[in-house]
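Encoded as structure tokens, the structure appears first; notes follow it.
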Amino acid sequence: MHGLPKIELHCHLDGSLRVATVLDIARKEGIELPTYHLTELKHALIAPEECTSLADYLQCFALPNAVMQSKESLKRITFELFEDAAKENVKYLEVRFGPQLHTMKGLTLEEVIQSVIDGLKLAEARYEIKGNIILSCLRSMSVESAFEVVESGKSFLGKGVVAIDLCAIEEDGFCTRFVEPIALAREYGYHVTIHAGETGSSQNVLDAVDMLGAERIGHGVFIKDDPIVYQRVKEQQIVLEMCPTSNVQTKAVLNYQEHPFYLFHQDGIKVTMNTDNRTVSHTTMTNEWEIMEQLFTVDKQMYQMIYETSVQAAFATQAIKEWCLSQYPPTIH
Ligand SMILES: [Zn+2]
């Protein structure tokens with residue numbers, strides 16, 4: 001699995017920091033950490049294998065955000081994420097983050113976004129990897145703050161920023177609140193992907209598509225229990241960004257065996273494989289695929305089909321998509 005080319009469309013920057021980097025930045029910037037011992041810090045950054053809920057899982061993001069408050073650290077953390085991805089043959093990576101989480105020490109939203117783009121460009125220059133950025137609006141924040149994110153990223157569209165996202169705690173019917181900011185985002189030219197059907201409500205998936213114009217859905221696990229929504233997702237070929245380990249941790253599914261990734265694919269639903277959070281979920285793309293491979297029959301045809309689905313669903317230019325497709329079938333190293 002490690003050697004195969006990969007595409008990742010759902011990865012949160014603040015969930016994917018190297019533990020040593022958290023320690024290093026905290027020391028340099030005088031940031032207080034609960035522990036300065038690498039192994040202990042690792043435990044504080046990785047969510048337990050089974051959290052009690054998504055809320056529990058989200059607790060693990062407070063600590064990383066403390067060291068993501070300067071231009072240098074944002075650039076470094078982004079670069080390192082792309083570096084880690086490139087080393088396991090990820091060819092294209094879309095990274096998402098909430099700009100407002102990184103303004104605690106005075107950075108403007110624009111400076112936050114520019115710093116992340118700087119890290120991305122540096123990695124693209126050094127490694128055989130391409131990428132883009134998705135701006136996340138937190139549903140726990142106000143609708144006004146979603147408008148701010150949309151406005152702050154406008155001038156970066158086509159220069160690294162490609163899409164808008166809604167994430168964090170998922171309540172039934174959340175889409176209604178965000179119709180206007182997401183409509184404005186679409187008008188500006190953002191693509192739209194929405195976290196939905198991650199913690200219970202399958203109706204949220206349809207709402208995200210119908211009310212917000214979502215082109216892709218983050219997770220969508222819960223469509224499995226709703227035949228009507230399931231059928232729509234299947235018929236409309238709505239692409240799901242699935243993240244098995246994260247779903248096991250947040251109790252969206254009981255265990256990997258119960259995860260619908262494989263069954264969805266077998267039944268013609270468009271699925272893609274993602275890590276969600278490399279550090280908080282203590283995983284990689286290679287690991288996610290190896291877990292699936294151990295439990296189900298993952299053959300070359302399935303892998304290639306999902307690779308191609310991921311490329312087609314990427315918010316990338318046609319030229320980048322063609323380059324990604326040219327990476328498959330892989331050359332033997
Ligand atoms: Zn996510």
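Heads up, residue numbers simply count up from 1 along the chain you see.
Note that Cβ sites are derived from N, Cα and C of the backbone, with glycine treated the same way.
For the Zn(2+) site, TrEMBL records HIS10, HIS12, HIS195, and the single candidate of ASP118, ASP276 listed with them is ASP276. For GLU198 (active site, proton donor), the recorded positions whose C-alpha atoms fall inside a 10 Å radius of its own C-alpha are HIS219, out of HIS12, ASP14, HIS219. When the alpha carbons of HIS12 (Zn(2+) binding site) and HIS219 (site 'Important for catalytic activity') are compared, the span between them is 13 angstrom. Averaged over the domain 'Adenosine deaminase' (5-322), the predicted model reaches a pLDDT of 95. Spatially close to HIS10 (Zn(2+) binding site) yet at least six residues away along the chain are GLU94, ARG96, THR193, GLY218, GLU241, CYS243, THR272, ASN274, THR275, ASP276, judged by Cβ distances under 8 angstroms. The distance from the Cα of HIS195 (Zn(2+) binding site) to the Cα of HIS219 (site 'Important for catalytic activity') comes to 6 Å. Each residue contributes its Cα atom, and for ASP14 (substrate binding site) and HIS219 (site 'Important for catalytic activity') those atoms are 18 Å apart.
According to DSSP, ASP14 (substrate binding site) is assigned to a helical segment.
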